[in-house]
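Structure, as structure tokens:
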Amino acid sequence: MKTILAVETSCDETAVAIVNSDKQVLAHEILSQAEHKKRGGVIPEIASRAHMEHLSGLIKSAVEKSNLNFCDLNAIAATSGPGLIGGLIVGTMMAKAIAHVAQKPFIAVNHLEAHALVIRLLHEVKFPFLVLLISGGHCQFLIAQDVGKYIKLGETLDDSLGEAFDKVAKMLGLSYPGGPLIEKLAKKGNGARFKLPRAMIKRYGCNFSFSGIKTAVKNLVQELKMSEQDVCDVCASFQECISDILLDRVSNAIIMAESLNIKINDFVITGGVAANNFLREKLKQHINLNIFFPPNDLCTDNAIMVGWTGIERLQKNYIDPLNFAPRPKWELESY
């Protein structure tokens, strides 16, 4: 059995987990930074300072709760990209320092791979499988062929889907993060009232574009006085628009996989936006694949997914040198 201590500091969550190859989570400590909610978004310098302040305490707490010592660990893992460079430096340097002192291997984890693989901690999802990663920083389709081996089928050409949710929410006068509030208000709205643009729909390929939807919502806000019902109707119409785009792109992704002679049975939807229950139900109803969603606490950033990915990589003997430099941009294809 292998056991890993993992660190996640790529954005505004400071998290530490201890995970083993028997699929047990021995400890998980996470601290979300409420400061960003008051400011309407993540401030990189504030985020990195908070990581510096809290990370060592979370590591100490996780080790104590696991009833292990550093000598009991088989490796130390950290999210080393992509993400905000300040946070990545804090987490990666701390993990490398522990690895050096404890004489343990260091594993640099790609944040995107961690989102893609965490489902295998919970379910018997076999390679190859299709991944739709929809989060605050990323929106892309991947075929996961194996640990460390991916084919990117498409991605956003402008904003990520999470950014689109947050920016639309801000236009409507809602607080950050916008996704949960849009989903809540949409339940009281009429999704057929406003016809928002479905960019790139019915076109070949798996790329996305969400800038036109934002512009359309901005125009609605300027045209209407935006009563409470108007806001609910815009939220519902926005979600209907997003679901139509995702369904169209998923159909194309399946066709593209077939053209590559890759048989896909399992489809994993992951990332923070995958916690949206409306989108989950739409995809379940219309996609003829085995669909898997991580639980909500594993859709958003966490250290459990980093620890599990560390286990998967350790089992392949994928070890990284202590001079590995954090990467704010890190394509999963080249992993």
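Using the three backbone atoms N, Cα and C, a Cβ is placed for every residue, glycine included.
According to DSSP, ASP301 (Fe cation binding site) is assigned to coil rather than to any helix or strand. Around ASP301 (Fe cation binding site), the same-chain residues at least 6 positions away in sequence with a Cβ under 8 Å from its Cβ are GLU8, SER10, CYS11, ASP12, GLU13, ALA15, HIS111, GLY272. As annotated by Swiss-Prot, Fe cation binding site applies to HIS111, HIS115, ASP301, with the evidence given as sequence analysis.
ILE134 (substrate binding site) has a Cβ environment of 28 other Cβ atoms inside 10 Å. Annotation source Swiss-Prot lists substrate binding site at LEU133, ILE134, SER135, GLY136, GLY137, ASP166, GLY179, ASN276.
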Item to check | Rounded Cα-Cα span from HIS115 (Fe cation binding site) to ASN276 (substrate binding site), Å | outcome: 16
Checklist entry - Which residue, of the binding-site residues GLY136, GLY137, GLY179, has its CB surrounded by the fewest other CB atoms within 10 A? => result GLY137
Item to check | Where ASP166 (substrate binding site) falls in three-state DSSP terms | outcome: helix
Next on the checklist: Between HIS111, HIS115, which of the binding-site residues has its C-beta surrounded by the fewest other C-beta atoms within 10 Å?
Outcome noted: HIS111
Next on the checklist: Please report the three-state DSSP label of LEU133 (substrate binding site).
Outcome noted: strand
Item to check | Among LEU133, ILE134, SER135, GLY136, GLY137, ASP166, GLY179, ASN276, the record's substrate binders - longest CA distance, Å | outcome: 17
